[in-house]
Amino acid sequence: MKKTRQLRSLANGVNSVNATVWIVECAPPEIRGRMAAMQEFFMAAGALVTQALGVPFSEDHLWPYVFVPNIVFVLLSMGLLAFVYESPQYIMEKEGNKTKARRALAAYHGVSVDDASIEAELRICEDSVSRRSTNVKNATCAIQTEHDSVTVIFMPWKARDDTSKVIREAAWLGVMVKIAYVFTGARCLRAFSTFILYDLGGWSFDSALYGSFVTSLLRLPFTLIPVFLVDRLGRRPLMITSTVISLLSLTTMIVAIDLGPNFKVATLIGLSVLLLITACGIGSVSRFYAAELVPRSLLISSVSILTMFEAMTKIAVEFAWYPIANVIGAQSLLMFLIPTAFFLLIMWAFCPETSKRTVNEVLNEVAMRKNLKVSFPT
């Protein structure tokens, strides 16, 4: 059982990175955000469906078969993936087959193979391959940096060229958004929602249980909201607006819990708003925003590193909050409130808009704001 859990966790980690990278490499910029936002919806739907299907197996004799519904979905996914084109980026890197990569791009973009709209994406793939194939500083690729992703992100004393400075800031802004979502408390408080309503908020146990269940159900339609808005409104408005509302929700919960059970409705409203607004805002955008800020040549390694940072932060926060909440009650929510206010200011000041823009256009904006004499071809 232990080894199986470890393997499953490893597979989930690989898939979480692979899905984000795949979408960035394959989806047209005009609908890239919409496609990436679907991750949150399918994850919420999948969690509810597998939990519901697992209920009949929750007894002494049938519990070993509780993962049978999951196996069915995994086999179905494997069957569907057998008919999906490989990533055009991977095709160019491993096979160097431009014609095959063009067909893959055309299939993903829903256009003919000779459509002019796929030329820009194909050129980005070629430039990334050119970057990977040489370590010469004056290479003829689109983004010239002589360092690997680890050096660029973690060793500013080595990677001191202007290109590395721009990429490093963009990458850390991406991980900051991921960590900001963790510190809204949405993930942690969703896991402990019954505890908040019952132990802290003053609701009866049954009421707290049903309240948590209803909020979980409502998350599903709310995760569809960014699918329709993320490319129309943009990433920044969704991130910043949802973070502001999260800040207000946390404040409401702290005040309501301190005032006692007479204000338990305010506690429920604050918790529900927090969980629902993050599902259709920063919670959805944070899944793919970081991948839109780094060049293709560093995409997989950068996203893997940043996902690891997010996972460690999430584990630390979830393990730390519950014991603290049992001791100091409502004031434990300051653990989320203060960082959320801090990250909100950073997002407002520094996070670029990535909607319907290529990575190079976004990096040019970062370079211009930093007054660096570097330009990325668009």
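Cβ coordinates come from backbone N, Cα and C, glycine included.
Look at TrEMBL and you will find 1-355 tagged as domain 'Major facilitator superfamily (MFS) profile'. Residues or ranges marked as transmembrane segment in TrEMBL: 41-57, 63-85, 170-198, 210-230, 237-257, 263-286, 298-322, 328-350.
Of the Cβ pairs linking the transmembrane segment (298-322) with the transmembrane segment (237-257) and spaced 6 or more residues apart, fewer than 3 are under 8 Å, so the two regions do not touch. Counting Cβ pairs closer than 8 Å and at least 6 residues apart in sequence, the transmembrane segment (63-85) and the transmembrane segment (170-198) reach fewer than three and form no contact.
The transmembrane segment (237-257) makes no contact with the transmembrane segment (41-57): fewer than 3 of their CB pairs lie within 8 A, with pairs spaced 6 or more apart in sequence. For the transmembrane segment (41-57), the partner stretch with the most Cβ pairs below 8 Å, chosen from 170-198, 210-230, 263-286, 328-350, is 210-230.
Between the transmembrane segment (210-230) and the listed ranges 170-198, 263-286, 328-350, the one holding the most Cβ pairs under 8 Å is 263-286. For the transmembrane segment (170-198), the residues of the chain that approach it from at least six positions outside its boundaries are 149, 152-153, 204-205, 207-209, 211-212, 215-216, 239, 243, 246, 250, 253, 264, 267-268, 271, 274-275, 278-279, 282-283, 285-286, 289-294, 298, 302, 306-307, 309-310, 313-314, 317-318, 321-322, 325, 333, 335-336, 339-340, 343-344, 346-347, 350-352, 362-363, 366, judged by C-beta separation under 8 angstroms.
On the 0 to 100 pLDDT scale, the domain 'Major facilitator superfamily (MFS) profile' (1-355) averages 83 in the predicted structure.
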